[in-house]
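Asker: This structure is in structure tokens; I'll ask about it shortly.
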């Protein structure tokens, strides 16, 4: 069941969330399927050498498939930043390098440093967002239109976005709890994620009429709120957030995408020349970093009295006495700059490779057309 929830989330949730671009909707769904099918195979190999390698063989099971799907989710987030500006060959190369760097970052954080990030605030959302943004910066095309001009208010893209949002809602609690502690009756990650999703969506309904004159809500805006709430609670999901804390965190996360698109995105576009097609910086990057800070704070407050038997499962080094809760919190915090460094350097390298003459980029058209996608 854990694998099923994660896989459906990667394929349908993430796959349909990039379909809001009206002229590019069907093409973006198709290319997400292409990425998923390639990334899972490559991730199983790369992760297999690090985690599941024994006596010269890679041992596969449900857990390796779940890990591969987490990796695929990070790559799908990255592709949201460059959607419509790379062809399928470039997208596959981005996936090849993105999976490798994601696995390296995850191995450093989870295995070598002992960081707890079960829901992927840091490893999935933050890494995926900033890796994609750096690739987007290197592939900057001066004449590309803004996100708002690329959008089409037609019926078909909103249907895609609506279905994707519903899948996110249904399967995200399963996604964040897939790698968490299973031998305890209370699924904290599932409960905290649901409360966070509810509060972030509500925050969007509250804030959008204040920021925008138009009265009708776009489905993509509700989708952004859902993603931000999940990114925020990823690391802290199985910690003692409490329902009230999860609601507060989710509400704050729901404020980030509308405010970011109104005030921060124009600055990034004009000053830093970042063309962020799907707005992954506001939806995944910033909420992921705030979620890391929330997880760090909760780690510092973790005690055996409040966590009981869970402490050994969540923070084994703290329970054994080899680290204090403060030490563990410092490790959680240090994981953030390490992830940002790997994502930015890896994104610059990947972008430089994708710009080589042998890999033909799609032409600079005024609109994101499906015909551009299939020039292989």
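Backbone N, Cα and C define each Cβ position, glycine as well.
From TrEMBL, for reference:
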- 12-355: domain 'Ammonium transporter AmtB-like' (DOMAIN)
- 6-22: transmembrane segment (TRANSMEM)
- 29-54: transmembrane segment (TRANSMEM)
- 66-84: transmembrane segment (TRANSMEM)
- 91-110: transmembrane segment (TRANSMEM)
- 122-139: transmembrane segment (TRANSMEM)
- 159-181: transmembrane segment (TRANSMEM)
- 193-212: transmembrane segment (TRANSMEM)
- 224-241: transmembrane segment (TRANSMEM)
- 247-268: transmembrane segment (TRANSMEM)
- 289-309: transmembrane segment (TRANSMEM)
- 329-354: transmembrane segment (TRANSMEM)
Asker: Do the transmembrane segment (289-309) and the transmembrane segment (91-110) come close, with at least three CB pairs under 8 A (pairs 6 or more apart in sequence)?
Answerer: no
Asker: Tell me, please, if the transmembrane segment (29-54) and the transmembrane segment (122-139) are in contact, taking contact as 3+ Cβ pairs under 8 Å between residues separated by 6 or more positions?
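Answerer: Not in contact, no.
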Asker: Out of 91-110, 122-139, 193-212, which stretch touches the transmembrane segment (329-354) the most, going by CB pairs under 8 Å?
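Answerer: Out of the listed stretches, 122-139 contacts the transmembrane segment (329-354) most.
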Asker: Could you give the residue numbers and ranges of same-chain residues that sit at least 6 residues beyond the transmembrane segment (224-241) on either side and whose C-beta is under 8 angstroms from one of its C-beta atoms?
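Answerer: For the transmembrane segment (224-241), the sequence-distant neighbours (Cβ-Cβ under 8 Å, at least 6 residues beyond its ends) are 17, 116-122, 124-125, 165, 168-169, 172, 175-177, 180-181, 188-189, 192-193, 196-201, 203-204, 249-250, 252-254, 256-258, 279, 282-284, 287-288, 290-292, 294-295, 298-299, 301-302, 306-307, 314, 332.
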Asker: Would you kindly list the residues that approach the transmembrane segment (91-110) from elsewhere in its chain, counting only those six or more residues past its ends and only Cβ-Cβ distances under 8 Å?
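Answerer: Beyond its ends, the transmembrane segment (91-110) has Cβ neighbours at 31, 34-35, 38-39, 42-43, 46-47, 50-51, 71-72, 74-75, 78-79, 82, 117, 122-123, 127-128, 131, 135, 335, 338-339, 342-343, 346, 349-350, 353-354, 359.
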Asker: In the same chain, who gets a Cβ under 8 Å from the transmembrane segment (247-268) while lying at least 6 residues past its ends?
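Answerer: Contacts with the transmembrane segment (247-268): 147, 195-204, 207-208, 211, 221, 224-225, 227-229, 231-233, 236, 241, 274, 276, 279, 281-283, 286-287, 290-291, 294.
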